[in-house]
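Student: Below you will find the structure I want to go over with you.
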Amino acid sequence: MSSNSAAIADARERAQALDRDDSLAFTRSEFNIPTKAQIASTRLSDSATAKASSDDGATDKCVYLCGNSLGLQPKRTQTRINQYLSTWATQGVQGHFKPLDESPLPTWVDADERAAQLIAPIVGASEAEVAVMQTLTANLHLLMSAFYRPDINGKHKIMLESKAFPSDHFAVETQLRHHGLDPSTSMITLTSPSSPEDNILTTAEILAAITEHAATTALLLLPGIQYYTGQLLDIPTITAHAHAHSLFVIWDLAHAVGNVPLRLHDWDVDAAAWCSYKYLNAGPGCIGGLFVHDRHSRVVVDDDDKPEQGYVNRLAGWWGNDKGTRFVMANRFHPVKGAAGFQLSNPSILDITSLSASLEVFGMAGGGVGSLREKSLRLTGFLEELLVGKKGSEGGGGIVPEEERALFRVITPADPQQRGAQLSLMLKGGLLETVMRELEKRAVIVDERKPDVIRVAPAPLYNTFEDCVAFVGALAEALAVARREKAV
Ligand SMILES: Cc1ncc(COP(=O)(O)O)c(C=O)c1O
């Protein structure tokens, strides 16, 4: 046995012991984990085959470390969607209002409220402060349309990071143009002076930028967790500093929701938006959500002449109208108090059913994200140790041979409090394609961000410590192939 295979065997034994001791291990069986054969197949499996093979032994499963991009499907999603389809098939329009005995599903007219109840503990908000609606980019636009009020002679700029997710960048640019402003003079993009290559913005750097631009900046849009580097930002400290300088702050929580504990209300966050297809496992493109702090969503409509002065400006639709008068069909907008008053359309019940099915699994894992985070810290710490060795000891615990170890670096902060589940690996130039091809051959699913980054995220709801060993073993092999192919 080579010293490396001995190290892998030893790591596997440690991983198996950690998995045996894991009090949350049971949630893995709530998910359809694709098998190696399914991942390699180019044919649509019928659901019966998929189900049978999803119950196979662990060795047949692929290694899926991609919850940062698309979470796996909970088994109960299919059950709940079938129940929804059956309601629609047998009740037609009555499904909106008619409760059915023994149905776990709410009537459709109440589905948004029920979903808000389920999501509130995950983001640390009251039920009234969250709405399950639309999709992430649409919600960012809706929030900016309500809260971005530029004053061209004073505070008119929007600040974001220079390497923001492109959709956020486009949303900001077009909001500015929508207000007749020029992004070249009204948009501030933050680059880290201490880390220009990776753009790991320190809290001090963000605070300094806020102070510097306070006189002309109205709004700050930042990610809770940065999609490329996996960096977790200090949401409460940054929010407090922005408030001290009268900036409104919107957080993009795409990579933070369901991944790290959030306390949006207590942290005094103004507003936030997220998607549900990553750590929330609701399915591709599924319905998103938003948070509006209760101080920004009050409704007072006792002035009959000017009712619109009784609530914050927003783009409105009938689903944001008070439920009591929604079906009266009067053309006077009377928003529901709270975030629900920002809704536009009646939501897709198919989407809400899928999201709620997944949130049931979060409920089984203790509600919020507290115990999941505790496992996540251990999983990602273990993954890091396998990749680069234990901090403070000479590569101790690492299972990547030296020659391959020289071909990548982890760009995610080493401090566990500054990251979520994800680690981002920056490969030496030109290796990404081969490495991804070789990982796929070994039934390992992670995702790539060109030109050189692999993102790896063990999700505590369904990943195991053994998955981490399998990934790092496969990565070492993939890097060895790339090294030989590219002669590096
Ligand atoms: C950080 C971030 N912001 C915005 C988006 C865009 O999301 P959507 O397509 O749901 O609007 C994504 C998508 O992955 C993302 O990761």
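Glycine too: its Cβ is placed from the backbone N, Cα and C atoms.
Unlike curated records, TrEMBL annotations are generated automatically.
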Student: Looking at TrEMBL, LEU136, THR137, PHE165, PRO166, SER167, ASP168, ASP252, HIS255, TYR277, TRP318 are annotated for pyridoxal 5'-phosphate. Which of ASN199, ASN346 sits in that same site?
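Tutor: Looking through ASN199, ASN346, the residue TrEMBL assigns to the pyridoxal 5'-phosphate site is ASN346.
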Student: Just to confirm: which same-chain residues, 6+ apart in sequence, have a Cβ under 8 Å from the Cβ of LYS278 (N6-(pyridoxal phosphate)lysine)?
Tutor: GLY67, ASN68, SER69, LEU70, GLY71, ALA254, HIS255, VAL257, GLY258, ASN259
Student: What is the total of other Cβ atoms whose distance to the Cβ of LEU136 (pyridoxal 5'-phosphate binding site) is within 10 Å?
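Tutor: Looking across every protein chain shown, the total is 24.
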Student: Consider only the recorded positions LEU136, PHE165, SER167, TYR277, LYS278, ASN346: which of them have a Cβ under 6 Å from an atom of ligand 1? Write none if no residue does.
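Tutor: So the answer is LEU136, PHE165, SER167.
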Student: Which of the listed binding-site residues (PHE165, TYR277) has the least company, meaning the fewest other Cβ atoms within 10 Å of its Cβ?
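Tutor: Comparing Cβ neighbours within 10 Å for the binding-site residues PHE165, TYR277, PHE165 has the fewest.
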Student: Average the pLDDT scores across the domain 'Aminotransferase class V' (67-295) and report the rounded value.
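Tutor: Computed over the domain 'Aminotransferase class V' (67-295), the mean pLDDT is 97 on the 0 to 100 scale.
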Student: Return the maximum Cα to Cα distance in Å (whole number) over the record's pyridoxal 5'-phosphate-binding residues: LEU136, THR137, PHE165, PRO166, SER167, ASP168, ASP252, HIS255, TYR277, TRP318, ASN346.
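Tutor: Max span of the pyridoxal 5'-phosphate binding residues, Cα based, is 31 Å.
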